[in-house]
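For reference, the structure discussed in these notes is given below.
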Amino acid sequence: MSSLYDISCFAAGLAGNIFALALFLSPVPTFKRVVKAKSTERFDGLPYLLSLLNCCICLWYGLPWVSDGGRALVATVNGTGALFQLAYISLFVFYADSRSTRLKIMGLLALEAFVFAIIAHASIAFFDQPARQLFVGSVSMASLISMFASPLAVMGLVIRTECVEFMPFYLSLSTFLMSAFFAMYGFLLRDFFIYLPNVIGVILGAMQLVLYAYYSRKWKGSESSAPLLA
């Protein structure tokens with residue numbers, strides 16, 4: 001029979017997976033617009049490439065030959081995320097407005113695959129446990145923190161314009177809840193490389209929700225002056 005500790009770990013990780021799925025689905029409206037217009041317009045493909053690299057690194061960390069005992073729910077969420085990002089990148093390449101944009105995205109994708117291959121090979125070839133987990137964990141933690149910090153520019157835009165149009169509420173809420181449950185999962189596993197970046201994600205997610213609560217009242221009271229691009 002599973003212990004209460006095992007059940008708690010699984011429940012926290014599963015909840016994190018569910019809220020992460022909401023994040024992975026958030027670009028769907030953008031790509032519905034791309035498919036309908038048959039053009040990527042002014043959308044940028046770089047965020048999807050960076051998300052793919054982050055998912056691949058974190059997936060690698062979750063595998064049993066990297067982490068002691070494996071981190072199955074880290075592997076599942078990031079494997080799912082990688083598939084979503086590949087789908088978005090494929091659509092972006094297919095509907096890119098110019099050959100140069102298409103080649104740029106494909107070139108960056110090849111570079112990304114090379115970087116990930118170097119990280120994966122180096123972790124196996126040059127490190128034994130526990131140094132391997134330390135190496136990959138440090139890389140995945142840096143990657144996660146950079147991903148969580150990426151909305152800071154949008155938060156600055158909200159403060160400058162006093163408009164929450166570019167910071168969707170449900171995206172901010174999903175980020176907060178996903179980070180909270182994975183921080184709990186990391187604490188239960190006593191895994192510094194999981195809980196530290198997710199604690200940062202909780203703080204940044206909470207900041208986004210506070211900004212939304214404060215500025216949404218002002219925004220709803222006035223007409224939006226800029227079209228929503230994504």
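In case you wondered, yes, glycine gets a Cβ from its N, Cα and C as well.
Because TrEMBL annotations are produced automatically, they should be read as predictions rather than curated entries.
As the structure is a computational prediction, the values presented were derived from the model and not from experiment.
When Cβ-Cβ distances below 8 Å are used as the criterion, the transmembrane segment (6-25) is approached by residues 72-74, 76-77, 80-81, 84-85, 170-171, 174-175, 177-178, 181-182, 184-185, 188-189 of the same chain, each at least six residues removed from its ends. Among the features that TrEMBL reports, transmembrane segment is placed at 6-25 (among others).
Sequence-distant contacts of the transmembrane segment (46-66), counting only residues of its own chain at least 6 positions beyond either end whose CB sits under 8 Å from a CB of the stretch, comprise 27, 72-76, 78-79, 81-82, 85-86, 88-89, 92, 105, 108-109, 112, 115-116, 119-120, 123-124, 132-133, 136-137, 139-140, 143-144, 146-147, 150, 193. Taken from TrEMBL, the feature transmembrane segment covers 46-66 (among others).
If you look up TrEMBL, you'll see 72-96 (among others) marked as transmembrane segment.
The feature transmembrane segment is assigned by TrEMBL to 108-127 (among others).
Under the heading transmembrane segment, TrEMBL lists 133-157 (among others). With a threshold of 8 Å between CB atoms, the same-chain residues lying at least 6 positions outside the transmembrane segment (133-157) that come near it are 47, 50-51, 53-54, 57-58, 60-61, 66-68, 119, 122-123, 127, 166-167, 172, 175, 179, 191-193, 196-198, 200-201, 204, 207-208, 211.
As annotated by TrEMBL, transmembrane segment applies to 169-188 (among others).
Residues or ranges marked as transmembrane segment by TrEMBL: 194-215 (among others).
Within its own chain, the transmembrane segment (169-188) has Cβ neighbours under 8 Å at 5, 8-9, 12-13, 15-16, 19-20, 22-23, 26, 73, 148, 151, 194-196, 198-202, 204-206, 208-209, 212, 216, counting only residues six or more beyond its boundaries. The list of residues near the transmembrane segment (194-215) in space but at least 6 beyond its ends in sequence, with Cβ under 8 angstroms from a Cβ of it, reads 71, 74, 141, 144-145, 148-149, 151-152, 155, 158-159, 162-164, 167, 169, 172-173, 175-180, 182-187.
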